[in-house]
Amino acid sequence: MPETPRLLFVHAHPDDESLSNGATIAHYAARGAQVHVVTCTLGEEGEVIGDRWAQLAVDHADQLGGYRIGELTAALQRLGVDAPIYLGGAGRWRDSGMAGTEQRSRRRFVDADDREAVGALVAIIRELRPHVVVTYDPDGGYGHPDHVQAHVVTTAAVAAAGSVGDCDYPGDPWVVPKFYWTVLGVSAFLAGRQALTPDDLLPEWVLPPEDIPFIYPDERIDAVVTGDSDARAAKIAALAAHATQVTVGPSGRACALSNNMALPILADEHYLLVAGRAGARDERGWEIDLLAGLGFTGFGT
């Protein structure tokens with residue numbers, strides 16, 4: 001019986017998986033791959049949209065993190081993933097908030113003991129033995145401290161998981177064949193932004209600038225996963241499940257966070273290959289399957 005491909009996505013907060021990789025996760029899950037998502041915090045510091053759940057926020061009941069477990073569970077189910085995995089267990093590390101956020105009583109993810117956090121992820125990698133691991137670039141995408149920390153922890157864990165000589169971590173060594181950063185490609189972003197019309201937006205939303213600092217030029221891209229209509233629909237449904245954090249527009253072509261900046265909901269999701277050997281590339285120089293070169297068939301776009 002042929003081996004089932006396994007992919008692991010590591011994210012900082014609930015909703016990051018749907019915003020960054022929702023179409024990719026749905027694409028591979030629908031084709032029978034084993035897909036898992038590790039989330040590093042409960043997202044306690046998130047800014048709540050609307051009045052219904054506003055009292056859950058950190059400055060009131062401080063119950064948002066627990067509520068977001070349900071949102072993440074629902075979102076993952078819509079993407080085809082059974083259940084969330086929390087690094088160190090649910091609630092081990094608190095959402096650190098943006099730079100300058102007041103420190104709370106429980107240990108923030110950015111203050112996690114490096115060996116403990118890395119060890120927790122090494123244990124997951126060695127248990128699940130993923131063929132592909134995905135996390136943020138060194139800047140954490142848009143720079144959130146927890147995204148940067150997730151990059152640091154994941155990079156160290158991928159290296160340590162395959163080390164035969166490191167016996168301090170549980171499990172048998174596993175060398176991850178391909179390690180990617182999730183990034184936002186400039187052409188896809190600008191095309192998506194340009195295509196938005198007033199019918200796609202709520203009245204209070206504004207379009208983002210064309211030169212947002214964390215988009216990547218096409219020549220730096222190594223891979224793209226293009227979700228079909230089903231994968232895109234799953235991504236939209238997953239984003240809608242994160243209702244305390246994300247509002248999906250009336251047409252399903254855009255969404256916004258609490259800052260009311262409209263973001264196109266893209267079916268194309270882009271990646272940089274930072275470890276492992278690339279598979280076949282298209283005329284743009286891009287892989288169109290994160291599993292390319294690993295001997296799996298039927299999982300490309």
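Glycine too: its Cβ is placed from the backbone N, Cα and C atoms.
Reduced to three states, the DSSP call for Asp16 (Zn(2+) binding site) is helix. Its Cβ placed at the centre, Asp16 (Zn(2+) binding site) has 30 other Cβ atoms within 10 Å. Look at Swiss-Prot and you will find His13, Asp16, His147 tagged as Zn(2+) binding site.
Of all Cβ atoms in the shown protein chains, 27 besides its own fall within 10 Å of the Cβ of His13 (Zn(2+) binding site). Cβ environment of His147 (Zn(2+) binding site): Ala12, Asp16, Tyr136, Asp139, Gly140, Gly141 lie under 8 Å away, each six or more residues apart in the same chain. Other residues of the chain with a Cβ within 8 Å of the Cβ centroid of His13, Asp16, His147, the Zn(2+) site, are His11, Ala12, Asp15, Cys40, Gly43, Tyr136, Gly140, Gly141, His144, Asp146, Ala150.
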